[in-house]
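Q: Below you'll find the structure I mean.
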Amino acid sequence: MKLTFVPHNFLSCLNLSYYIAKRIGANKKASFSRFIIRLATVATALSVAVMIIAVATVFGFKETIKDKLFVFWGQIQIAPFNPNPSTIISLAPFDYNASLEKQIKSEPEVTAVHPFAIKAAILNTGTTMQGIKLKGVENDYDWQSNNAIKFEGSKPDFNVPEYTRQIVLSQTILNKLDRKIGDTLMVWFIDPEQEFPRVRKLQICGTYHTGMEEIDNNFSICDIRLLRRISNWNDKAINGYQVSIRDYEQSDTVAEHIYQRYLTPPMDRTTMKDLYGNIYSWLGLMNTNAYVILFIMAIVAIINMATALLIFIMERTNMIGTLKAIGMPNAKLEKIFMYHAANVAIKGILFGTVFGLGLCLIQQYTHFIKLEESAYYMQYVPIKIVYWQILLIDLGTLLACVLFMLIPVIMVKGISIVKALRFK
């Protein structure tokens, strides 16, 4: 005759499965399963911590590279069609169009538009020569919109008549020339149509440093009026517009939208992906690495939790037989182990979150992990903490663990009462 399982009146007020799971968890008696569960908790914590650190690092790299590259060139360039956009230099100037600039600025994603000019030049100190590309900008150019670019000194004085005879060099070029802020140098402008180069004596008023060789080794900044005068252009001539947008991942979409709505031949659009495809490929590879790390760490957490639960169920076989004998349904038995396993998983996830987030915050404020700047474009590992991503990692890990823990829990249904009571 089968007995009906009737809990004590006090226990009936509670979730019985949760109550039993809680009592099991509170048992401090040493056992093999207890050791395995602790090991699973540590493994889950480490997996979550690694996932948080990986995501924060990847987004830190992307954010830092984005700031360095885009503050100097924006995300989109508008200029006459150039069959070789990687050269950046467009030989054909065109007149600045205030109406076009206003139209581009009217786009919701666009944050700024700056006209610019580009011209090749040679810096000459008398003992050292350095080839560069001079970028001419106007007074409203955004020099320091973020901390990714280190700027020292001052920007050129645009209030002087005609044009200012000042130049901003990268710290890399300044070191090569063995010069400092305040020194002067000769700048030779080479024009294929002229027999002799034009020469101007310019004063170094400031320096910048991005850590990106593609920029630091090649570009310097000056007054756009200087390049107009040297090139015999009119007062409105420019080489292009530098367009900054809110979300760089939308650069292709925004560029195409601007092209279709506002541009007519020979005007064309070019994104930074076209100019610096190698950097974008590198960032894409980092994304792939992050996804692989997330997948591996999730698998590690799942396998550890499922294995620990399986061992725990085997160790509690006698208890399962006893509870079945007095009439507890399989569903309630399964809940006991699910509650216990979920409790272990939550502890591991919380410990991992605190540990991973703590390391990220320490790195963010102390920069104790250094990098080789020539290889990684920065001097330390950058961190970008996005809290909704951390929450997503925690919830995703918990959900995955719970779902896969259903597999060993289903074993409870197949345990025979007689065999369970005899199990040792």
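Quick reminder: no glycine exception, Cβ is built from N, Cα and C everywhere.
Heads up, here are the entries from TrEMBL:
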| type | residues | note |
| --- | --- | --- |
| TRANSMEM | 35-61 | transmembrane segment |
| DOMAIN | 39-258 | domain 'MacB-like periplasmic core' |
| TRANSMEM | 290-314 | transmembrane segment |
| DOMAIN | 292-416 | domain 'ABC3 transporter permease C-terminal' |
| TRANSMEM | 344-365 | transmembrane segment |
| TRANSMEM | 385-412 | transmembrane segment |
Q: What are the helix, strand and coil residue counts for the domain 'ABC3 transporter permease C-terminal' (292-416) according to DSSP?
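A: The domain 'ABC3 transporter permease C-terminal' (292-416) comes out at 102 helix, 2 strand, 21 coil.
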Q: Please indicate, using numbers and ranges, the residues of the same chain that are 6 or more beyond the transmembrane segment (344-365) and have a C-beta under 8 Å from a C-beta there.
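A: Residues 37, 40-53, 56, 301, 305, 308, 380-381, 383, 385, 390, 394, 397-398, 401-402, 405 contact the transmembrane segment (344-365) from elsewhere in the chain.
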Q: Taking only the residues in the domain 'MacB-like periplasmic core' (39-258), give me the average pLDDT of this model.
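A: That stretch averages a pLDDT of 89.
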